[in-house]
């Protein structure tokens with residue numbers, strides 16, 4: 001009797017262990033299924049966020065360049081009005097006001113949850129953002145100092161040196177090469193702009209030194225803005241929101257070095273304050289439109305746009321207002337525009353040739369992802385233009 005009871009209890013324990021193992025196995029299958037479902041949902045969510053951020057980053061090139069062109073023309077004359085007619089002889093402090101107003105406007109957008117979010121990835125190092133904020137302060141501040149001591153023609157002439165600086169810097173940093181045909185087109189553009197602005201070269205030694213010191217920060221600024229948006233999925237406003245406080249800190253350090261004393265004793269009447277605030281709002285729009293243009297195109301294309309603006313202003317003064325610019329300047333402007341047309345054509349042809357291989361590769365990747373059960377993690381948003 002005792003033996004039969006022991007046998008019975010042994011069999012019950014054995015069956016119970018089998019049941020537990022079966023339950024553990026079913027739970028394991030359910031757990032793995034839940035893990036796979038959660039991973040699939042996470043990948044889809046991350047991909048949708050990346051697509052949304054890419055759409056926010058990549059504004060249409062024509063719209064971005066047109067927006068930047070119109071704002072840039074307006075702010076050049078507005079800053080000249082503020083620095084010369086209003087007699088506000090504090091270019092770095094004017095730049096500081098620009099960025100304070102920009103930060104205030106972005107804070108309003110952030111309060112209403114309109115400001116785009118920063119990328120969730122931690123691929124952007126803090127040192128890169130600090131570098132961008134520093135060169136932004138130098139680029140914008142020194143540009144306003146240059147406008148104070150130099151003519152608009154000399155200021156535009158100094159921009160010619162930015163193009164080879166960008167080509168050299170992109171080759172050193174990213175091993176990016178420019179074709180010989182593009183180099184030839186850019187050379188024609190530079191020669192045309194030089195000939196077009198040769199009649200308006202008013203400067204002094206200090207202004208010329210400032211213009212030379214402005215070239216390198218301007219080139220690095222454009223390269224970083226373009227690469228961070230195109231390769232790391234930053235939007236223009238999100239990047240401005242992150243770097244503006246850094247820019248303000250460096251501008252505070254530059255004010256006593258480059259500005260004359262007496263900014264607080266300036267005649268802050270209604271008209272003067274309104275002109276300065278109008279310049280600040282245009283400064284925000286210029287920074288935003290410039291960031292959009294750099295995100296949609298490239299650093300060199302943005303420089304070419306600035307030179308196109310110079311030629312259009314010169315031809316507009318000649319044909320609309322009857323300003324006597326001289327036959328040489330007019331020929332130089334048309335030569336530069338011809339070079340810009342060739343450069344634009346070469347860019348469009350290069351993008352068209354790249355479209356079909358990319359589409360074929362995207363189709364093959366999508367097929368492979370279906371076969372592998374979406375186990376790949378696509379490196380979206382990593383292509384440079």
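Numbers run from 1 along the shown chain.
For all residues, glycine too, the Cβ spot is worked out from N, Cα and C.
Under the heading transmembrane segment, TrEMBL lists 59-78 (among others).
Annotated domain 'Sugar phosphate transporter' per TrEMBL: 67-343, in sequence order. Model confidence over the domain 'Sugar phosphate transporter' (67-343) stands at 83, taken as the mean pLDDT rounded to a whole number.
Taken from TrEMBL, the feature transmembrane segment covers 90-114 (among others).
Summarising the annotation, TrEMBL assigns transmembrane segment to 126-147 (among others).
If you look up TrEMBL, you'll see 153-173 (among others) marked as transmembrane segment. Residues 143, 146-147, 183, 186, 189-190, 193-194, 197-203, 207-208, 211-212, 214-216, 218-220, 222-223, 299-300, 303-304, 306-307, 310 of the same chain sit 6 or more residues outside the transmembrane segment (153-173) yet have a Cβ under 8 Å from a Cβ within it.
Sequence-distant neighbours of the transmembrane segment (180-199) (same chain, 6+ residues past either end, Cβ-Cβ under 8 Å): 153-154, 156-157, 159-160, 163, 167, 300, 304, 307, 310-311, 314, 325-326, 328-340, 342-343, 346-347. What TrEMBL lists as transmembrane segment is 180-199 (among others).
Among residues of the same chain six or more beyond the transmembrane segment (205-225), those with a C-beta under 8 A of the stretch's C-beta atoms are 128, 131-132, 135-136, 138-139, 142-143, 145-146, 148-150, 154-155, 158-159, 161-162, 165-166, 169-170, 173, 239, 290-291, 294-295, 299, 302-303. TrEMBL lists 205-225 (among others) with the feature transmembrane segment.
With a threshold of 8 Å between CB atoms, the same-chain residues lying at least 6 positions outside the transmembrane segment (237-258) that come near it are 90-93, 95-96, 99-100, 102-103, 106, 109-110, 115-119, 129-130, 132-134, 136-138, 140-141, 145, 225, 228-229, 287-288, 291. Residues or ranges marked as transmembrane segment by TrEMBL: 237-258 (among others).
The feature transmembrane segment is assigned by TrEMBL to 270-288 (among others). Proximity of distant same-chain residues to the transmembrane segment (270-288), defined by a Cβ-Cβ separation under 8 Å and at least 6 residues beyond the stretch ends, is recorded for 68, 71-72, 74-75, 78-79, 81-82, 86, 88, 94-95, 97-102, 105, 140, 236-237, 240.
As annotated by TrEMBL, transmembrane segment applies to 300-321 (among others).
Residues of the same chain lying 6 or more positions beyond the ends of the transmembrane segment (327-348) and with a Cβ under 8 Å from any Cβ of it are 179, 181-182, 185-199, 301, 304, 307-308, 310-311, 314-315, 318. What TrEMBL records for 327-348 (among others) is transmembrane segment.
Per TrEMBL, region 'Disordered' is recorded for 356-385.
Feature annotation from TrEMBL assigns compositional bias 'Polar residues' to 356-367.
For 368-385, the entry in TrEMBL reads compositional bias 'Basic and acidic residues'.
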Original post:
Do any residues of this chain, six or more beyond the ends of the transmembrane segment (126-147), have a C-beta under 8 angstroms from a C-beta of it, and if so which?
Top reply: 76, 79-80, 83, 91-92, 94-95, 98-99, 154-155, 158, 207, 210-211, 213-214, 217-218, 220-221, 224-225, 228, 239, 242-251, 254, 258, 283, 287
